[in-house]
Each structure stands twice: as structure tokens, then as C-alpha cells.
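Please read the structure below before turning to the comments.
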């Protein structure tokens, strides 16, 4: 029986952890792994609408754009162009699964270091690309880097942060993603003015955040939980004392970490197989549901293709990128606000509030697009285009306040230690897989279905909000090694913890 389930039988411990300079610096470095994810998300959407980039690799798209009569929703419908964006995610899906196995050998710190190095290699290949094949290879290397860092960094933050403020610390990863997006969109705004090779600057500057991660990973230790799992208890205790402060009493917390690690060693093999057993049913359902629902908020494609969307509704290249810059700034404000309130009002409220906000905005976007199509006009009139722009900004604010940070916070904190790496890898790989499929088909769906695409997202948002209300337990303030208590108190999931407890008692009697 897992440590998480054992914890359900007692009160949740209070370790009285404080926020120290050491834990802030350590978590700041781990959270900075979000920079490479954010920079790539922001830069690729802007580059794919730059005329210098299109003329180099996709001249047929540029020719279609310049035709006097063309469907405004179809001008970017090119499978190789979308493959440039989406290929990264299939690589990320595979590498996140590989990272979960390698964690036991090199630790979470080592995984972040490898991820940063792979991303650096990918940025160099992309900046020097002379063919579509070279672009795709570079994107795959970037994806391998993102898969490693996305698997390790959120869990690193959850295991290192004080329980009381774990939400704020873990959501810092998403804050750095948004900072990376903002940096990328600002870069695109200026490089779009450079003829012929401006796109190379945008892609090449991805090396800067990757160098930051590689350099930073050398100056932090692995997490106490990871060190105990890998057989270094003395280093683990020293690391825990360092991040909690020289005068902090870490005996109780370290004891729980060791007990959890001992339980993990008894179940040392088959972590992925155990996730599908009845004992871990609640972790599996939530761990799958959150990345699946996140993928169908519609915000992945809006974030990646916002410059293309703004071009589609009639903005110039510079104005489209400027709209994306403002969109990224709004996302950053919402993310910082979420970090401030998450550990005060809880995860569930933010999930519900953000889901309802996105639903309203996407319904309105669909209505405007349908009204425009009904009038059989070409490019959207200024008032229509401005309305779509403002609604996307409002949708982004709702997303940045809720699903954007919480899709990392909740999966990284719910799993028992024996399946934590496998569970996080599963959640990340599902996110990458859905993102790959969405990005590969979104432009084609926009071309054929127009506004109906956003109505499909609205249906998904309704379903996920109902799911959160009914089945997601509140996890704020609960120590990560005692998370089993929240399942034991939940109206639906407690039946599974009770059944496991009864089965364990029966085995003991026999």
C-alpha cells in the first residue's frame, strides 16, 4: 500500500516550513525551465506568418496569400507548415516517457540539464536550417529537450517547495513559460522588420534560455526525495536542511520522505503498470483527465497560432505580432495573479472560474465569425476584427488564471512517490500528444469548419468544468507525501481508498 494511502488514516502533518532564500533560488532555477517551452511556443507562431520565412520554405503559402480572391480561413492551410510547428510535440511525448525511466539513474536535476542541452542543439540547427527537413530535425531536438524539462521541473518544484506555498512555487514554472512567450513575441515584432533572415534571429535566440537552464542546473542539488530514492540519504537530509533553513527542524519531513522512498523501493518495478491498478485508480483518472481537458480548452492552438489568427481576421503582420505581444502580457499578469491567490482560495475555484470565462469568450468568438461568414464578406471589418482580438485577450486572462498554471501544479503534487515520475511523464506525454494532433489539424479545421471549431472547444470546456466540480479534490496546503488524505475524504474517491485498506487488512490476516 502506498504512503499516500497510509497518510489518509491520520491527520495531515504540519512541518512548519518557511520560505528561505535557498528554496527560492533553487525553485527559481527549476522554474526557469519554462522559459524554453514558452519561447518556442511564442516564436513558432510568429515565424510561420513572416514573409521572409514563408518565401524561404513555403512559397506556395505566400502565393496563396497574395491572390486577390482566397478564403481568409484557408490561406495558411499547408500540412508541411503545420508539421513545422507540431513535430516538436511528438518528440516531446516520447522523450517525457524516456525521462521518467532515466530519473532513477540521474535524478531530476540531471534530467533538466540534459533537456537544456538538447534544446540548445535544436535552436542551433533551426537557426542554420536550409531545408524543411533540417527545420523538422531541429524541431524534434527542441521537442526532446522540452520533454525532459517538462517531466522533471514541475515535480522538482513540488518536492522542494514548502507545502503551504507549493501552488505558488510550482505555478512559477508556468509563469516562466509566459515570460518566454512574451520574450518570443517581442523578438518576433522586431525581427519581422528584417528582410530575408529575420526569422533566423527569432529561432536562433532560443539558445539564450537554454544556456540559462544548462548553466543554472550545475548550481542546484537534486531534490531530497530523488536523492533518497537514488540511495543518497545523507545528501538528501543536507539538501533538505539547506532549503528549509539552518535552524529549521526537518526531522518529521525527512522521516516521511524516507518512509515514502522505502515504500517506493518495495514497488521498484512496473510503475506504469501499477498506475492502471485499482489501488491507483484515482491518481490515474485525474492524471489523465487534466492534460486531456487542458488540450481541448482551445488555448493551445490560440497561443501557438495567435499571429496567424490575427492575420486571418485582417490585421497586418506587424499588428498581428503586436496583438500577440499584448496577449502574452495579459497571460503573464493572469499567471502572477493566480500564483498569489492559488494557495489562498484553492485549485478548484480557479479551475471553475477559468473554465466559465473561456466558455463565454469562445461562444462570443464563434458568434462573431458566424455573423461575418453570413454576410459573405472577405476580410473582417475593423469592428469585427477588434472584437475577436479583445475576446481572445479575455479568454487568455481566464486561461492564465486557471488551467495554464494548474495543469502543472495538480499533476505534479497528487501522485505517491513510487509512481510520481511515471505519473508526471504520463500527464506530460498526453499533453504533448494532444497538442501535436491539435496543431497538425487546427489550420485545416479552421479552413473547413470555420467558427464551429470554437463551438467544439466550448462543449469540451463545459464537460471539464462539470468534471472538476464533481471529481477533483482540493489539494491546497497538503504536504506532498500526505496527499492520500484528500482522496480518503472525497465523496467519490474514498470508496477506492477504503477498498484498498480492506484488501490490505485481509492479506495481513491471512
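The count begins at 1 with the first shown residue.
Glycine residues also receive a Cβ, built from the backbone N, Cα and C atoms like all the rest.
In TrEMBL, annotation is done automatically, which means it is predicted and not curated.
Note that this is a predicted model, so its numbers are computed, not measured.
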**Study point:** Range annotated as transmembrane segment - as stated in TrEMBL, picked from 48-69, 136-157
**Key:** 136-157
Revision key, fill the gap. With the cut-off at Cβ under 8 Å and a gap of six or more residues from its ends, the chain residues touching the transmembrane segment (136-157) are 27, 30-31, 33-34, 36-37, 40, 83-85, 87-100, 103, 108-109, 111-112, 114-126, 129, 166, 169-170, 172-173, 203, 206, 210, 213, 223, 226, 408-409, 411-412, 420-421, 424-425, 428-429, 431-432
Review point. List, by number or range, the same-chain residues at least 6 past the transmembrane segment (21-39) whose CB is under 8 A from its CB atoms?
Key: 112, 115-116, 119, 142, 145-146, 149-150, 152-153, 156-157, 160-162, 169, 172-184, 205-206, 209-210, 212-213, 216-217, 219-221, 242-245
**Study point:** Same-chain residues at least 6 beyond the ends of the transmembrane segment (197-220) whose Cβ lies under 8 Å from its Cβ atoms
**Key:** 25-26, 29-30, 32-33, 35-36, 39-40, 43, 46-47, 50, 52-53, 56, 109, 112-113, 115-117, 119-120, 122-124, 126-129, 138, 142, 145, 149, 180, 183-184, 187-188, 191
Practice item. Could you please provide the mean pLDDT value for the domain 'Major facilitator superfamily (MFS) profile' (26-476)? Key: 84
Check your understanding: Counting Cβ pairs under 8 Å that are 6 or more apart in sequence, does the total for the transmembrane segment (425-445) and the transmembrane segment (111-130) reach three or more?
Key -> no
